[in-house]
Amino acid sequence: MVKICCIGAGYVGGPTMAVIAVKCPAIEVVVVDISKPRIDAWNSDKLPIYEPGLDEVVKACRGKNLFFSTDVEKHVAEADIIFVSVNTPTKTRGLGAGKAADLTYWESAARMIADVSKSDKIVVEKSTVPVKTAEAIEKILTHNSKGINYQILSNPEFLAEGTAIEDLFKPDRVLIGGRETPEGRKAVQALKEVYAHWVPEENIITTNLWSAELSKLAANAFLAQRISSVNAMSALCEATGANVSEVSYAIGKDSRIGPKFLNASVGFGGSCFQKDILNLVYICECNGLPEVANYWKQVIKINDYQKSRFVNRVVSSMFNTVSGKKVAILGFAFKKDTGDTRETPAIDVCKGLLGDKAHVSIYDPEVTEDQIQRDLAMNKFDWDAYEATKGAHAVCILTEWNQFKELDYQKIFDNMQKPAFIFDGRNVVDAEKLRGIGFIVYSIGKPLDAWLKDMPAIA
Ligand SMILES: NC(=O)C1=CN([C@@H]2O[C@H](COP(=O)(O)OP(=O)(O)OC[C@H]3O[C@@H](n4cnc5c(N)ncnc54)[C@H](O)[C@@H]3O)[C@@H](O)[C@H]2O)C=CC1
Ligand SMILES: O=C(O)[C@H]1O[C@H](OP(=O)(O)OP(=O)(O)OC[C@H]2O[C@@H](n3ccc(=O)[nH]c3=O)[C@H](O)[C@@H]2O)[C@H](O)[C@@H](O)[C@@H]1O
């Protein structure tokens, strides 16, 4: 029986391994982590992450061929294939601080693999890492090898949160990079055989190591760039009377552009887009390519601009001050169908409003009060959208949860201060209908309400 061990039971390690286990009953999969609470949660009825469809997949194979454990060394020693799916955040100190990827967790995992291994291993980079990381890992492993043969593969993950299970069941592609040697090709083939249990062969792409590593950073950079492009257009739409949804639809009909990922928003969030672009920028700078670095840096600058533009719009619309006013925040997660708040635009928007002395009241269906406390050092959190909006001067919609489309806005209006404002940072509500109720509505990238037109320009 092939044995797989995955180091890191997070948003990637957990769902990815659960899907491998469910699709490959003859493979034993153990997910290990140094965090005991996380492993305990994976072994409980309340999984540590919210992801539609995940519970069913885990329940189908946990205890059969899928296991979660803190006994990292034992399972690493026993495995044939080791996935490393640890976090790779942006460095906060030292060389490359604020840009470069922090590979501390990765390096310690690699050293541990070298320490405990007694048989040949295939080590798979699942985490998103800077291009050329495999070379460093290879050095750590081979310099400590005790005669053991290691093959390093790059197998970046492209799942998006909220649709992880769907994405893993039907990936657009699986990418495997390896050394172009007979041993390297054999290792690539071994991993290919795992995915071939459910992914059509033509969707499994094999490349050299560096192409695979760089493709992951490139994919996230291209995706984020699309959002910054449409968000940049949204500002121009507001200034000219064009409607960003109409513009997106019209350009998306061009098959070369395509219709997906063109929704204007209050800004992109999530643990990866910003981190991976910063990492790309750093790599470009290190390779003497400042023009390329600046090009990608602009994607992040526009994202920051979009978030502050939103805050400025709220404040300027409400007579240039939100001091002492209750502002209800609907949605705190970085996108719908997840409880994840890493780099959520809601953090920046709330901090902006709090900085202007607003009283902020937050509701999100999946984010816990504890999490908000950690993100904002405040504990005003409501368990219900109607409570959050009661007595408020304004409502800001910051996550596109489906339920926000179906709220009783008449009831919300009746319980708010007047004039009652709605700032829709995700274009989820029917602005005309809400105007009919009496709200002053701002929808990102849409023709402005008469009220807002007379307000000072936004920067
Ligand atoms: N979150 C996402 O949607 C995606 C993330 N990625 C990449 O995957 C990687 C992991 O991301 P997430 O799963 O979101 O991170 P995460 O923070 O949710 O999970 C990482 C886990 O690794 C554990 N860990 C760290 N060092 C360890 C060690 N030495 N031994 C055992 N466990 C250790 C941590 O305790 C944590 O539970 C990152 O490189 C990220 O860029 C890639 C695609 C999608
Ligand atoms: O490397 C990663 O971590 C992952 O990053 C993203 O996935 P994720 O961040 O989970 O979610 P996305 O659906 O990409 O959304 C990211 C952000 O962009 C925003 N967004 C997305 C699409 C859009 O049209 N407009 C828009 O503002 C979302 O609301 C969210 O804040 C990529 O889509 C995945 O392919 C990748 O594997």
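Each residue, glycine too, has its Cβ placed from N, Cα and C.
Here the Cβ of D33 (NAD(+) binding site) has 23 other Cβ atoms within 10 Å, regardless of which shown protein chain they belong to. Taken from TrEMBL, the feature NAD(+) binding site applies to 8-13, D33, R38, 86-90, 127-128, E161, 272-275, R342.
Cβ neighbours of C272 (active site, nucleophile) (same chain, under 8 Å, six or more residues apart in sequence): T128, N220. Annotation source TrEMBL lists active site, nucleophile at C272.
The domain 'UDP-glucose/GDP-mannose dehydrogenase C-terminal' annotation in TrEMBL covers 328-431.
Between the binding-site residues G8, N87, T90, Q274, G8 has the most other Cβ atoms inside 10 Å of its own Cβ, all protein chains included. Secondary structure of the domain 'UDP-glucose/GDP-mannose dehydrogenase C-terminal' (328-431) per DSSP (helix as H, G, I; strand as E, B; remaining residues coil): 35 helix, 17 strand, 52 coil. For ligand 1, the recorded positions lying close by, meaning a CB under 6 A from one of its atoms, are N87, C272; the full candidate list was N87, T90, C272, Q274. Checked against ligand 2, the recorded positions Y11, D33, T90, E161, C272 give E161, C272 in sequence order as having a Cβ less than 6 Å away from one of its atoms.
Mean predicted confidence for the domain 'UDP-glucose/GDP-mannose dehydrogenase C-terminal' (328-431): the pLDDT average there is 95.
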